[in-house]
Structures are given as structure tokens and as C-alpha cells.
Amino acid sequence: LRFRLAGYPRKHNEGRVEVFYNDEWGTICDDDFTLGNAHVLCRHLGFVAATGWAHSAKYGKGVGRIWLDNVNCAGSEKSIGDCKHRGWGNSDCSHEEDAGVVCKDERIPGFKDSNVIEVRKLLARVGSWVMSRMPQGVGQSGNSPWGFREAALAFLVVLPGGAPGDPRGREALSSPGRVAGDISAATGRAGRGSGLLSPHRLFTERQQLNYRLHSVSCTGTEVHLSMCSFEFYRGNSSAACGGGMPAVVSCVPGPLFATGNAHKKKQRQQQQQQGQPRIRLKGGARVGEGRVEVLKSSEWGTICDDRWNLQSASVVCRELGFGSAKEALTGARMGQGTGPIHLNEVQCRGTEKSLWNCPLRNITQEDCKHTEDAAVRCNIPYMGYENLIRLSGGRSRFEGRVEVAVGAGDGDQRRWGLVCGEGWGTLEAMVACRQLGLGFANHGLQETWYWDASNVTEMVMSGVKCTGHEMSLSHCQHHGASLSCRNTGTRFAAGVICSETASDLLLHAPLVQETAYIEDRPLHMLYCAAEENCLASSARLANWPYGHRRLLRFSSQIHNRGRADFRPKAGRHSWVWHECH
């Protein structure tokens, strides 16, 4: 059994309950529904418990079968199938009686998040490998129903021998049970779809193809291919698709993932032409995720999560250069923003090029609070950067000495080496943690003698200098083959401590402007300020305790917009009590 929450308006932890039974999604009737039923269903959905339930299709009427009626659970059952009910598909209800649940917003540890489209990693080079083997002139439409809308959603390569480096070979799409996962892998892994070339016979591949899907028909608004209508081939698939050919599509990564100076130069030119971006992601630990913020009237603000769904999230992801959305997050799951909440009830169809083209509502302050800020997790191209870096010696997978792979191209044997700790800091650690997929950088360490647990001793990278936005350490400035490291011992290798959450401090600038004033203060009242180096260096030459200093005084507020408490890097044992305090 599989379960999901659907309908609107709703938060991520509430909605109409839908159950997948006998290859079909259906609903549950609200007759005799109890909180015990809701507890069982919420646990199915990955939440610890239920806080309530809803009747009379509060979240909208479902479609399809009504699978269960007169359900009666005690609340402790492991499955809804263990509860008393009239039998699967036996119901006298209409969809006006669809039941919904409200779950406690606390996940069962280790449970995979709801509303996630699972993806399976495919090599990014599959598309270009196929295209390099296709004859010129490909792209003319055939008689197959496969078309350009389908191309925008995925790169689906059905090949008899598999792509180079794909260990699954001809079995990559061989079983119906695995098709959806592989298709959705293809879907969002490319940042933007670049022209589908409609079916064309692969003349270089004359082996028998095993087809599993046919009659795929998309509207173009789906976030992955398995949401389109399609049919499975039953029985002998080798004899299928007699009048058709294999579907092939080629995708290119978005501008964030472009490699080479030509791509980056073109990206800079586009940014100059378009001016300042009007949408961004904040608070996310990984590339392609975060709280959605929009620029309006020269001020950044957030979006309220009312009616926030995968279609609107996908428009945001594509506008930012990623693939489709794999999660539409509500309830400030990526931290609360500050400032205005600009938009509410964004209802994109999924085909828009920008969020600003979607139907939406400007809101007043009473409509929403920052506890309702919307966020996204996007599918991003699989570039393989995480395979070129690893950590060793740490107490957990989030910390350790940084080791990078060199000589991994042109058939060379890959070898692992260390990074010189000289000049290594927080910006470099940010890039390393991003490349590792481990989130934010808590510390960038220049000495790692206490993590000496690896047999890797060779220093292979030095002079690393990052801006903090790079996708890989190899994209940062470094000395290349001309290594220069004053301290070459393993104890001086670079290390990192990463974290999935971090604080994000923001000064409330308007308050500083509103409260600033000038004050002449006698020197005898400034001894503590002098001891703490809060005065200008010229104060040392003053005639203490006579005379005065002219000070700029103001109040300040510091907001933490992150998802972790702010704590000083120095531990309590190193704090010093100052008598002025």
C-alpha cells in the first residue's frame, strides 16, 4: 500500500488521504471515521501521530475509486488494512464524503519525506553519448505520438546495451516496476531540456530493443514523466512498437552547471542584459533548495504557502536554471524570512517561464505570517562532482580531512591526495561541503593532525581560493600542477566540519538609521570602552581622564534567519569574564 496527501488549500502535513491499491489511486470515505484512523494513516505518511481529521471533502473531491468505507481503527494498528472496514472497493459513498487528516508536524526518524519524487542517478553524459551516435537530419517528426512536450520533461534513453558507465546495461528500463523511478531520474537531472529529437532508428545499434512504455502523452505541465498518461507493454515486449522507434531526447545542464569559459561568458552577458534577478533561494543547505524570495519594489520578500504546489515550485526551479521541482515545501521548512511577504496563492499551470507570469494575489500583512513561508527542493543535473572529493578521519560523515581525486580523466588512474591548509578558510570549506552534499560549513580547518586516520599523504592541491559560490573545489582558483605549500606534512592538510543547518544573521538596518545620534561623552566614563578596544586609536593620546570623545551611538537588532541557533565558535571553556560586564 502507498499513501499520499492531496487537495487544497492545505499545508504539507494535512490533506485528503489517497491510497494506491490494485494499481489505482483512490480515496477513503468519512463514514465512522475516527482519530484512531487518522493516527494510523499519519504513520503511513511518515508523521508520528495525528492531531485531527476532516470530513465532507474539506480538501476538495478526489477522483477514481473510493477504496475504503466504515474504517474503524483502534489507533495502534501497523496498517490501515489491519483495521475493520467493509472491504476494498466496497463503498456506498460519493467523493463529497472524502476523508482528510491533519498530522502532527513531526517526522518519524528515518522516514523518507512525503511529496518527494524519488530520483535515480543517471550519468549526465548519456544524452550527449546517444546524440553523438545519431545520424544527421534527426529531428524530423515521425508518426509516433511522442513529441516536444515529452522532451521537456525527461531524457529517456532506451538502449539495448546501456550507456558507457551504466552497469545496468540493457536492463536499465527492463521491468515495469522500475520504469517510473528511472524516468523520474531522467526528468529533473538535466537543468533545462534542450530540444527533443523525435524517434529515430539508431542505425549503429541493431540489437533487439525491449520496449516497456508506449502512448506517452504529456501536457507539458507535469513535473516528471510518470505523471503523464502512458501504457505498459504486456507479455512479449520484444515484438512491441512494430511501427515505431525508440524515443530519444538530449538535455543540457542549466547555466549554473555550465563548464568552460565560453558558457560562463555567455552566462555573464545574459545576466547583464537581464539586470538583477527577481527571484532567489535562501536558507537551503544544498544546491537547488531554499526559501523562495522575490524582489518587488526594490525590496526582497517571501511567498506565502497558501496553495503552494509542485507546479508552482517547478516554475521557480526552471526559472533559476534547475530541473523540475521534487518538493514543494510549506510551513517555513527552510527557515522564516524577514521583511514583507509579497505574494500569496500562487497558482502556476507549470508552463510559465517565470513565477511573475503565474496567477497570484498580492497580500496584506494580516493574510500570512513568516511561519508560512514557501520553499522548494529542485532536481539538479547529476554532474558527478561528489565522486571527486571525500572526508577521512572524522568522528562523523560531516567532518574530516579533505581528500580530492586527481588524474581522473582521459583514462588515467584516479589517485587521492590532500589539500594544503595554507590560506584555507570558511569560503573554501563552503565549497567543499557543497560538493560533498553535506550542507553548510561550520569550520574550515588549516590543521588536521587529530584526524590522521588515512594512508593518503601526498599533497595534490594548494593555493585554493574560492568565492564561496563554486560547485567544486576544482572550479576555485588554485596553483594547478605548480604546487606551493610551505607546510607539507599531513598535519597541515585542510579539513572541514559541515552541517545540514546553520544560523544566518541579518542586521536590521532601518533601526540603525532611525536611532543613530551623536554624543559627546567624558573620558572618565569610557574606561571600559577603551579596555575593549571600542574607541579609535587616537584615544590613547588623550589626556585621561579629562576631556571627551565624540561618539556615534545607535541601537541594533540582529535577526537569525537560519535554521540553527547562533553559537560562538569559541567553546565556553575559553570565554573570559570581563569586569565591565
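Even glycines carry a Cβ here, placed using N, Cα and C.
Caution: TrEMBL annotation is automatic and unverified by curators.
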The annotated region 'Disordered' range in TrEMBL, which must be one of 83-110, 167-194, 335-362: 167-194
Cysteine of C304, C368, C378 paired with C317 via disulfide, per TrEMBL: C378
Per TrEMBL, cysteine bonded by disulfide to C368 (from C304, C433): C304
Overall pLDDT of the domain 'SRCR' (279-379), taken as the mean: 88
The domain 'SRCR' (279-379): DSSP-derived helix, strand, coil residue counts: 16 helix, 34 strand, 51 coil
Among C73, C348, C378, the most crowded of the disulfide-bonded residues [Cβ within 10 Å]: C378
Winner by Cβ contact number (other Cβ atoms within 10 Å) across the disulfide-bonded residues C29, C368, C476: C29
Residue pair C83 (disulfide bond), C466 (disulfide bond) - Cα distance, angstrom, rounded: 58
C-alpha spacing of C348 (disulfide bond) relative to C42 (disulfide bond), in angstrom: 28
